[in-house]
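Heads up, the thing below is written out as structure tokens.
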There are 6 protein chains.
Amino acid sequence: MSAKDADTNAGNRFTHFDADGNAVMVDVSAKETTARTATAQGRVVMQRDTLLKIKEGGFKKGDVLAVAQLAGIMAAKKTPDLIPLCHPLALSSVKVNLTLNEADSAVEIEATCKITGQTGVEMEALTAVSAAALTVYDMCKAVDKGMVIDAIQLMHKAGGKSGEYRADRPAGGRS
Amino acid sequence: MSAKDADTNAGNRFTHFDADGNAVMVDVSAKETTARTATAQGRVVMQRDTLLKIKEGGFKKGDVLAVAQLAGIMAAKKTPDLIPLCHPLALSSVKVNLTLNEADSAVEIEATCKITGQTGVEMEALTAVSAAALTVYDMCKAVDKGMVIDAIQLMHKAGGKSGEYRADRPAGGRS
Amino acid sequence: MSAKDADTNAGNRFTHFDADGNAVMVDVSAKETTARTATAQGRVVMQRDTLLKIKEGGFKKGDVLAVAQLAGIMAAKKTPDLIPLCHPLALSSVKVNLTLNEADSAVEIEATCKITGQTGVEMEALTAVSAAALTVYDMCKAVDKGMVIDAIQLMHKAGGKSGEYRADRPAGGRS
Amino acid sequence: MSAKDADTNAGNRFTHFDADGNAVMVDVSAKETTARTATAQGRVVMQRDTLLKIKEGGFKKGDVLAVAQLAGIMAAKKTPDLIPLCHPLALSSVKVNLTLNEADSAVEIEATCKITGQTGVEMEALTAVSAAALTVYDMCKAVDKGMVIDAIQLMHKAGGKSGEYRADRPAGGRS
Amino acid sequence: MSAKDADTNAGNRFTHFDADGNAVMVDVSAKETTARTATAQGRVVMQRDTLLKIKEGGFKKGDVLAVAQLAGIMAAKKTPDLIPLCHPLALSSVKVNLTLNEADSAVEIEATCKITGQTGVEMEALTAVSAAALTVYDMCKAVDKGMVIDAIQLMHKAGGKSGEYRADRPAGGRS
Amino acid sequence: MSAKDADTNAGNRFTHFDADGNAVMVDVSAKETTARTATAQGRVVMQRDTLLKIKEGGFKKGDVLAVAQLAGIMAAKKTPDLIPLCHPLALSSVKVNLTLNEADSAVEIEATCKITGQTGVEMEALTAVSAAALTVYDMCKAVDKGMVIDAIQLMHKAGGKSGEYRADRPAGGRS
């Protein structure tokens, strides 16, 4: 399958299977090397008390977010180990940001990845968000087992033949 | 900090920080070795067309789910690599199940992990669900970039001193 | 050692040792960046009953091959972790194919890897075949411990200064 | 599925699929913890000149074998990363031995793994042999691209309910 | 080699080679399962200005130490991946502590690991210290390339047949 | 933050934090792709008897150094897994050399890494030295627990906007 075909048909079929239905790591060798970026979001919804504990809970407030942020950055680098058909990539930038949304009683997470390469970095951004969310869960689970990881989605993507993508609005009722 | 203290206080503080506020991999060496199990759920909400393509889309229907299922199993084994303060564990069982929920236009994911050990396997079950969800996203993103990974949560947990936990009901409006 | 010397002498000495006999990851920084491809083959010889069980054994025939195929793709990405002196590479394509050879009572495996880079991908293709073969063994060993992994070899290689290579014929008596 | 059922039926079906045909990491939590050992063999068949170069080739003869031996030991520890449905294990011993068989113009490889645990270590021994063989190929490929990795098989297995297994004789015509 | 022999002779030979001089992962299967602990130390010596920047440098002082501490904890889990002949272990506790020694213009690092198992955790504690030190270097190298990682050593070890070990005094002139 | 700013300000602040104090994997996407090299050194100081055992100790002298050298090469490839904010890199060369310094009763280690890329390879060289030193410790600890890993530092760095760096002299009193 040529890269041209892949892009032409991307809108109506799955590119991770070949003509015989076998899973493949898509051949990107004919694709253009361009600057690519992707931003993903997600959140961890929790009890108000848990959120306050993260915010105010003592001499070292913020540490839950700092550990989760680092976990997100490191996970972006492990994406090809986790997602079977992802290409190994030499990421040029990873940023992960966590903020407390008191109105929704949620920790909100945003990750942006960049590369100059032949394939996009959506999965790296989504993986960073997921790992940061799991780490928030891990660190707070002793006080709140009912937390929900929610609304993980691609917000923006640029670079590459398929052009720019921007999500209409965050999922999960976020304003 | 003794394991007894950890369990006693688990309800009102974060166990992943010591008295000085430093992050630690919690000392479980004094905890009892018991049979432990955890089940987590989550889902990927998508366009109806995407779901139908997974279901009916040709000679090899089901493959998206099969690849995602395997990704979930393998990711459970990588949990201590991804979640900074998780203990390395010798899991005795991992099961991941994906089903199509046509009413909600979602792929639903459930993972159950087991161990006979000194610490629980919630994070392994949640990580398996997350990786399976990310893999569904990866395999379908050429036709639907707006998919949302949603409602990842712990459903059930048994074994260990803190006793059994069961979520009231699935998040995300699932019936 | 310059890349030129390395290529000139490649025919009569091992490039993975320097002049003092120390193991090295060969310096490829002066080599040309070109499109490179490599194809490897191998097979798992088993009892006829085992092969039939893979082929006909119930409602989900083919799954052994699907799991092994995915294992092969993922292993290609881990080659630099497994083979001590291999370079870390950003593979642009990995394809793994498994077929049933009933005449020889064997599962046959073929893997093709591609890269645009400074070093070849033979080891990635051979590693993909090996991991797929090991996975076939793992999944069938409950019914047949006597399976033999056989005839793993490089079939074709192109790109780079050393030129094209093509094996005369498959090993192991394959027609 | 109980471990008892698994053992009872192991002779006539694949244990890596559940009743619905989904791949699973088999539940071993009800299995007995016993001392287990497994030995695997394999070989790399090459041109006589390549073998002689390994044997006599200068000031540091033996190094190809030393690097491959270490690669085998390290790969045994990575088995659960490579083989999708293998359990993570705390191996208590790994030994890998490589010898030159001049009569057959082959490097012969043998690996033995041990554990006290609930599941066998066949895959660890086979993976060690495979990685050692791939490393021999990698280190000699500059002088001999036609080498064949051959006759990888389980030779002996002890411990666990299924009892002792011993291969009749090495494959590949080895005396 | 029996575990008894290994312990008897540990004082006068290297246990990582067998009778033929081959590297082995030492067989610990006959060793007793006991509670084991190990503590290691080390430090990063730097310019006074660099140390002050870590200490006072703005709105988020302490973050260099927090990132390095987490890196140390995660690296302890990767020890069997890094040190070729180390056993894979299920650590029950990892603690890493970093403090500023203004008198010596150094960041001092201490790590303690625990396990209930058949082999010691010295290498895990030393690896945690090394990775934390490397991370301090990484985060500060833009302002000070001349930092020196120094005085990494085992301070204390308990559990197992060889008994307790305690270093006389820290190396590197620390009081 | 633009790459230009990063380089301009590198002398007086930490580049691994953004304007809000969050840890980031620095954005190198605007940096020039150039040939880069870095050399690091370190040593393991030990009892004279331990050094002599490495040097003369029998039929396979030198093996401790050979295993440690390989561990260093493999660890260089794992740098982005170990150091949280390091970029994943496609190294083009890794060389690790260990020599016995009888005068100082130390094993001396030097590692050189190369890449053609957008970021330097200091951390890869320092990580290779650290892992080689840890492996020397691991292999000799049965006879000498008091060994000290010492004087790990960057010796030379070239390529990239910040220009060449050369350490004045080795630390630790080496002549």
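Backbone N, Cα and C define each Cβ position, glycine as well.
Here is what TrEMBL records for this protein:
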ACT_SITE  E:ASP138  active site
BINDING   E:LEU85, E:CYS86, E:HIS87, E:MET123, E:GLU124  substrate binding site
DOMAIN    E:25-160  domain 'Molybdopterin cofactor biosynthesis C (MoaC)'
Rounded Cα-Cα span from E:ASP138 (active site) to E:HIS87 (substrate binding site), Å: 28
Alpha-carbon spacing, E:CYS86 (substrate binding site) to the residue listed as 'active site', which is rounded to whole Å: 26
Where E:LEU85 (substrate binding site) falls in three-state DSSP terms: coil
Averaged pLDDT score, the domain 'Molybdopterin cofactor biosynthesis C (MoaC)' (E:25-160): 93
Against chain F, in sequence order - recorded positions E:LEU85, E:HIS87, E:MET123, E:GLU124, E:ASP138 with Cβ under 8 Å: E:LEU85, E:MET123, E:ASP138
Recorded substrate binding residues, E:LEU85, E:CYS86, E:HIS87, E:MET123, E:GLU124 - maximal Cα separation rounded to whole Å: 13
Neighbourhood of E:GLU124 (substrate binding site), C-beta criterion under 8 angstroms, separation at least six: E:ALA38, E:ALA76, E:THR79, E:LEU89, E:LEU91, E:VAL94, E:CYS113
Sparsest-packed among the recorded positions, when each Cβ's other Cβ atoms within 10 Å are tallied, from E:CYS86, E:HIS87, E:ASP138: E:HIS87
Candidate with sparsest Cβ neighbourhood (10 Å radius) among E:LEU85, E:MET123, the listed binding-site residues: E:LEU85
Chain D, Cβ under 8 Å: which of the binding-site residues E:HIS87, E:MET123, E:GLU124 qualify: E:HIS87
Between the residue listed as 'active site' and E:LEU85 (substrate binding site): CA-CA distance (Å): 27
Euclidean distance between Cα atoms of the residue listed as 'active site' and E:MET123 (substrate binding site), Å: 22
Number of helical, extended and coil residues in the domain 'Molybdopterin cofactor biosynthesis C (MoaC)' (E:25-160), per DSSP: 47 helix, 45 strand, 44 coil
